[in-house]
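*Asks:* For reference, the structure I am asking about is given below.
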Amino acid sequence: MSETTRTEEKKLPLNGRRAIPPINSNDEENDVPEMEAFGLIPRGFNPRDYLRVVDINMFKDPHEINKQQHHTDKYYNPKLIVRRGQPFQIQIDFNRPYNPQTDQFWLEYLMGRYPQQNKGTYIPILVGNVLKPGEWGAKITHRENNSIRLSIMSSATCIIGKFRLYVAVWTPFGILRTRRNSATDTYILFNPWCQQDAVYLDDEKEREEYVLNDVGIVFHGSTEDIKSRSWSYGQFEENILDACLFLMDKAELELSGRGNPIKICRVASAVINSRDENGVIAGSWDNTYDYGVAPSAWTGSVDILLEYYSSKKPVRYGQCWVFAGVFNTFLRCLGIPARLITNYSSAHDNNGNLRLDFFLDDEGKVDTRLTKDSVWNYHCWNEAWMTRPDLPVGFGGWQVVDGTPQETSDGMYRCGPASVQAIKHGHVCFQFDAPFVYAEVNSDIFYSRREKNGTQVIEKIDTTHIGQLIVTKEVGGDGMMDITEEYKFREGSDEERLALETAVMYGVKKQSTQDTAYQPQKDVDMDFQVQKAVLGNDFKVTITFRNKSRNFYTATTYLSGNLVFYTGVTKSEFKNHSFSAKLEPSSSSSFDVVIKSSEYMSDLLEQASFHFFVTARINETGKILAMQKATVLEIPTLRIKTKGELVAGKEMSVIVEFTNPLKQTLENVTLRLEGPGVLRTTKKVFGRIPVNSTLTWEVKFIPIQPGLRKLIASLNCDALRHVYGELDVQIQKP
């Protein structure tokens, strides 16, 4: 049986509950009759005797009134694109002058295969004298010869997507309609400029950043060493809008629900990952990326979305910033204000009890067999801006949505939208998935050790390590904006304690420390610092003790250095060093441990992430001090420069250079270069780059649009990943 007949068979049998099948495809169409007769048509009837539409002008070019007024002039799409709740213009040319006394016509906007008025997929619009804000309507603004100019208002709550337009004319014997003409198709998007829209954002600079900026910054690395790289969202590039609408079809979101940003975010957070329903990106965290692209090699969302749109199969591979980058493109493309967030030291708590357990053995080393929870160096998610009429007043604004598959929510891998305000105040009872996000930014780390008799002793509780820094790109610049205070009150403040009590009251599990013996060593502080180091060099870790007591102590100290995935999962231990430290009364003492490049280079993982555990046992009291930190090596960058004039319509050159810093030859090196609005992604593979030698790659192209643009490049091979470069270029007008 062929595939097509099988799907038809699946669709055709209607069940006893519905008159028509579920409507969840924007692409499918119905046949609309050009002549809809009221009854028998008399023999002498000639449709040409009546008013007839000759042509419709949509004013759909980027420089024309509609796209200019609706901020949609950047979309690389020939059709009309407008935002809801705001008037737009069209012109209808008839075969003769229009006479309001005798002629009657109306407009019809249709979506999907079974347009219905009560579902918002069939919208008849009569021509009136006045437009009501935020409601469907049309009025004539200009009449000249055979033409009329109409101003059309769409509803501020209408469905998002692609509508088909028909003009219908009334005659005594039936309705005459225009032919199906795809050139008059109209895309309607969310409108952050319209006060009645659920995604209304009142600050123009923020709208320019969170809706119209097609490049962003991903912050990664670790709290101690923040790294940043550019990401091309490319929401205006060719076919991206259609690809984003296809995602809603793929997620089977019924058309009537597509005016609601809450529903759209919820289904999109599931369809961005491939864990259910074969969504857009397949995640891989194991450092092997056969038959796919390594997550660190992508420079933006466009290639991923276009590949998925054409193949309909998950694109390999992504990690959290890739899921978040593509999700951001989807949201901005549809007109929902969105930003990409990085949470440093993000808790991945397997049982949602606000506590991460690290188990130590007798000597104070971490027992990797028992320790199941992990701390991600960082985790990226998105925030989308919208009202939340489903929640009490005050919980609208930024909502957390996360497309990275971590835990299931209502049986699917998805997360959000969860109100940031609700997370801050501990009101985690409000949908969706607030307890999970609350734990990601608020968990405590418990270090515990099992005694010989089986009792568990808690040696240390670290309440400040998790969620210590939450950031996003600043508005109108490439800098970093610290938004930790939007998620949590200051550590140790009364408000913070109240928020925690509220969260516990609403069902977040939290084990109290009262039921376990916990008496930490209070008179000795331990800290350690990791020297900033360049990949391939030696560096040192400095451990500092401060003995605040009048006693003399000795501390048996262990340092364990591990190569980790950025998710905090250990791949291998490369350094294990122990020493005895003498701690004089009322004084500080420091100890250096040298890490040699030969110890870590052989097993290096792509993000060059290290995780250090330092534990020290005070021999006189038997108490243990414990601390952990993540650190990232400095990875060399790509150098990008331009050659020739930078003028729209003229050929220019971009040169990418890279010098191999490692003590080994790099093999099968892939370079990528892209610039939204300037250059589609180009790729080149170099067979090998010997030690200390420099690779040079020249790309020639013709920029189309003038303005300030960003070029983004990445280099990728098995031995070296996360190598990026970028350059701002000002393309002049010809």
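Glycine is treated like the rest: Cβ placed from N, Cα and C.
From a predicted model like this one, the values you see are computed outputs, not experimental measurements.
Pulled these from TrEMBL:
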- 1-12: compositional bias 'Basic and acidic residues' (COMPBIAS)
- 1-30: region 'Disordered' (REGION)
- 312-405: domain 'Transglutaminase-like' (DOMAIN)
- Cys320: active site (ACT_SITE)
- His379: active site (ACT_SITE)
- Asp402: active site (ACT_SITE)
*Asks:* Within 10 Å of the Cβ of Asp402 (active site), how many other Cβ atoms can you find? Include all protein chains, please.
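*Replies:* Cβ-Cβ neighbours of Asp402 (active site) within 10 Å number 31.
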*Asks:* Would you mind reading off the Cα separation of Cys320 (active site) from His379 (active site), to the nearest angstrom?
*Replies:* 6
*Asks:* Under the DSSP assignment, what numbers of helix, strand and coil residues are found in the domain 'Transglutaminase-like' (312-405)?
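*Replies:* The counts are 15 helix, 41 strand, 38 coil.
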*Asks:* Measuring Cα to Cα, tell me the gap between His379 (active site) and Asp402 (active site) in whole angstrom.
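*Replies:* Distance between the two Cα atoms comes out at 10 Å.
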*Asks:* Could you tell me the mean pLDDT over the domain 'Transglutaminase-like' (312-405), as a whole number?
*Replies:* 90
*Asks:* Taking the Cβ of His379 (active site) as centre, how many other Cβ atoms lie within 10 Å?
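*Replies:* Cβ-Cβ neighbours of His379 (active site) within 10 Å number 28.
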*Asks:* Report, as a single number, how many Cβ atoms besides its own are within 10 Å of the Cβ of Cys320 (active site).
*Replies:* 27
